[in-house]
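**Student:** Got these off TrEMBL a minute ago, pasting:
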REGION    75-108  region 'Disordered'
REGION    121-144  region 'Disordered'
COMPBIAS  124-135  compositional bias 'Polar residues'
REPEAT    287-321  repeat 'PPR'
REPEAT    362-396  repeat 'PPR'
REPEAT    397-431  repeat 'PPR'
DOMAIN    496-605  domain 'Pentatricopeptide repeat-containing protein-mitochondrial'
REPEAT    510-544  repeat 'PPR'
REPEAT    579-609  repeat 'PPR'
REPEAT    619-653  repeat 'PPR'
REPEAT    654-688  repeat 'PPR'
REPEAT    689-719  repeat 'PPR'
REPEAT    725-759  repeat 'PPR'
REGION    835-948  region 'Disordered'
COMPBIAS  848-859  compositional bias 'Polar residues'
COMPBIAS  906-932  compositional bias 'Low complexity'
COMPBIAS  938-948  compositional bias 'Basic and acidic residues'
C-alpha cells in the first residue's frame, strides 16, 4: 500500500512522540511490568518511524533538488540520444517528459520546463485533461509547450517568484516567444513584477528581445508599462518609454502626452516639457493642469517672460484660469527679479475684478509680491502691497504681516516693524514663531551705541502699550523678543526692566525665561538677586526643573559660595531632581577651593547613589575634575587612582586627561613620568594636541633640557603633522628664557613670524622680560614697537619693568624718551615711583603720539644692538651665579645643554625665582577645556632682579 506524503508525515510525527513519551514514562515507572510495556511501545514507535521515514526523506530530497535547480537545461545522464533508445525517466509528478535531444534543430526542440504539479495545473492542457489522453513517449506540439511556459511565467510573476526571470530567459533562448507572439498578459506581468522587485531596467531587455525576435510591441503594451512606472513613482523610467516608443514607431496619444508632460517636469527636464506640450496641442487644447505644469517648468528656469506668454495664451484661448496659475507666474517673476511684471499682473487682476470679472489674485498673490519687495529690502513696496490687498477686499494673514515686518527689519526701520506688530494685535492676528524670529534678528543687527538704545526704548514702549493680558500670544512673542535681544547684548539692566514689565502685564513667564535671567544674574555676580528670582519662581505654578537647579548651582560655584551651593543641592536631592551634572558642579566647587578630600568624599557618595539606581553615575567630565584637583594639590598618586577608577567605569582617558597629568609632571619637574605618560598616550591611540606639546616643551625647558624641547617641536611637525601654534612657540620661548638663551628665544620669535603666527601679549611679555634680564634694551623697545604696530597691548607690568631697568642702569637719556612715548601711545600707565624718577622733563606731553620707525627684526639686528655685550652668556655673567642646590634637592643630574651652566632651572634663587616668572599662564589644563577649574590669565608676575 502506498501512502500519501501528508499521511507519512503525520505517522512520522506520531511515532516520534510515542517513542519519546514511552521511553520517559518507562524510566519513571521503575522495575515493573509497566516499564517493559512502555519500552515495548516505544520500540514500536521507532519501528514505525524507521519504516515510514525513508520515503518521506526521499520526497523532501526530490523537492529540495527541484526548488534549488529548477532551470537546468543540460541533458541528464538518462537523456535521449540518437540511436540509443533512451528517454528521460518521469517521476510520476510531471506531465512534461521525453526531452528532445540536443542535436535537434532549435526550432524543433522541445525541452521540459518544470516538474512542479502546482505550476502545471495552471496550464490549459492540465486543467482540461489534454495531456492525459496523449500516449506516453509521443512527441508534443511546440506551440502547446510554448503556451504552457507562458502560463507558467504569468503564474510565477503573480506569486512573486524570482524563478520567473530564469524561465523567461529560457523561454526566449529556446525560441518559444516567436511561437507565441505577443502575449500581453505574460509581458505585462513580467515587467510589473520586475518593477515591483526593483529591476528597473528589465523592461528594456524585454523590449529589445521582442524586437530582435520579431515580436511587435503594440501601443497598449507601452500604455500598461507607463501606468506601472507611474504607480511606482519611477518617473525617469516612464519618461524613457517615449524613446523606446519612437524606436518601435509607436505614437503616443493625448492622455499619454499629458502624462509625459508631468513625468518630464518631475525629472526636471523643461525642454521635454515644451516638446510634449507642443505635441499635445496638435491633438487637443491643453487643459489648465498642463498649462500650469508648463509655467512651473519655466519657473524652475526663472524665465518670467515665457511664463507670462503662457498665461496670455491661456487667456486668449479661453482656458479656465484660477489663482494657482497666476501665483505660479508671480513666483516665476519674483524669482527672476521682475517685480514690475508681477506688480502689473496683480494690478490687472484687480482691475478685471472691478470690471465685473472674477478676481484671480488672492492673498497668496499679494504675499508673493510682498516677498519680492522684502528680499530687496524695499519696505515701502511691501507696505504698499499690503494696503492694496486690503483695498481689494482681501483679509491679510500672519504671513502677510510677517513678510512686511521682515522688509522693515531688512531696511532697518524697526519702528515701523513694531507698529505692524501692534496692528496685528488690533486685528486679532496671532503672532507666531516667525514673527518672533524676525524681530529678534532685527534687534540683534542694530549694533551698539545710541541707535541700539533708541530701538530698545521703542520696543519697550510698544510692550507697555500692549496693556495687561494673561493669555495673549502677541504679549509672549514681544516679551520673548526683547528678553532674547537684551540677553544677547548682555544688557542685564534692560533685561531686568523687561522682566519686570512682563510680570506687571501678567504675561505667563516660562521656565526657560527664568533660567536665562538667573544665568545672566549669576554670570554678573549678582547672587542675591538670583536667589530672589528663584524664590519668586516658587510662588508661581511653575515646577523647578533640573536645569534650573543646575543654573543656580553654577551661579553659586562661580561666585565662590560653596555652602549655599550645597543647600541648593540638598534641596534638589529632596525633590529627586539631581543628575550627574549637578554632582560634577559640586565637585568643581570643592576642587576650586582646594578641598580634595571633600571632593573625594562627595565622589564616593555619588557612586553610592548611582548603585542605588539613581541616574548620577560619574561621567568623563567628573573624572577630569577630580584628576585636575589632585594635580593642582600636587598629589599625582591620587590622580592616577582616579584614572584607574575611570577605566573601571569604562571611560578611556582622552587628550584632556593626559594633558592634565602631564601638567602635574611639569609642576613637579618629573621628566621621566612625563615621558612615560606621553608614550602611553601614543600607545592607546590618543592624538596629542598643541597643548600637549606646549606642556612637554615647558617640562623640558624647566629641566634645562632645551635641545629636547626643540626636538619636540620638530617631531610635532614631522611625525604628527601638526603646525605649532602661538601657544607652542610661546612655551618654547619661555623655555629659552628660563635657560638664559635669549638669542635662541629671539630666533624662535622670528621663525614664528615667518610661518605666519602672530604672537599675543603673553608672547611679547615673555620676550621683553627676557631681553630686560639680559640688558638688551634695544631689542625690548623694538618688541614693544612691534606689538604696537600689530595692535597688541603689552602688559603694564612688563613695560614698567623695562622702564625700571633702564632707570637703574642709568640709560634713561638713551632709552627713556622713546620708551615713555611708546607707553603713552599704548595707554600704558607709568607707576608713580618710576614717574618721580623720570621727572617732568622726560615725560611726554598729553597730546604726544609719536610713531617711531621699527627696524626689521632679525637675529643679526639684535646682536648689533647689544653694543658692548659680546655674546649672550656674557650678558648673563653680570649677575652673580645662583647658589648650587643641595644634593638632596637636586632632581636632575645631566650635562648642561646649550647655555649657561649650573642648576638654574631648579633652585630658589632670588635672582630668578620660578614663582616670579609665572609660567602657569600657559597652563594646559586651565585653558584647554571647560572641564578645568580656571582660565588662562595674562597677568604677569616677574620680580625685578635684585642687582638691576
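We number each residue from 1, going along the chain as drawn.
For all residues, glycine too, the Cβ spot is worked out from N, Cα and C.
Since we're looking at a predicted model, the values are computed, not measured.
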**Student:** Below 8 Å between Cβ atoms, which of the listed ranges 362-396, 579-609, 725-759 makes the most pairs with the repeat 'PPR' (689-719)?
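**Tutor:** Highest pair count goes to 725-759.
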**Student:** Going by DSSP, how much of the repeat 'PPR' (579-609) is helix, how much is strand and how much is coil, in residues?
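**Tutor:** Counts, helix then strand then coil: 27 helix, 0 strand, 4 coil.
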**Student:** Can you name the far-off residues of the same chain, 6+ from the ends of the repeat 'PPR' (287-321), with a Cβ under 8 Å from a Cβ of it?
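**Tutor:** For the repeat 'PPR' (287-321), the sequence-distant neighbours (Cβ-Cβ under 8 Å, at least 6 residues beyond its ends) are 258, 261-262, 264-265, 268, 270, 273-274, 277, 280, 328-329, 331-333, 335-336, 338, 341, 345, 360.
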**Student:** When the pLDDT values for the repeat 'PPR' (654-688) are averaged, what is the result?
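**Tutor:** The answer is 93, the mean pLDDT of the model over that range.
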**Student:** Counting each residue once, how many in the repeat 'PPR' (689-719) are helix, strand and coil under DSSP?
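**Tutor:** Within the repeat 'PPR' (689-719) the tally stands at 26 helix, 0 strand, 5 coil.
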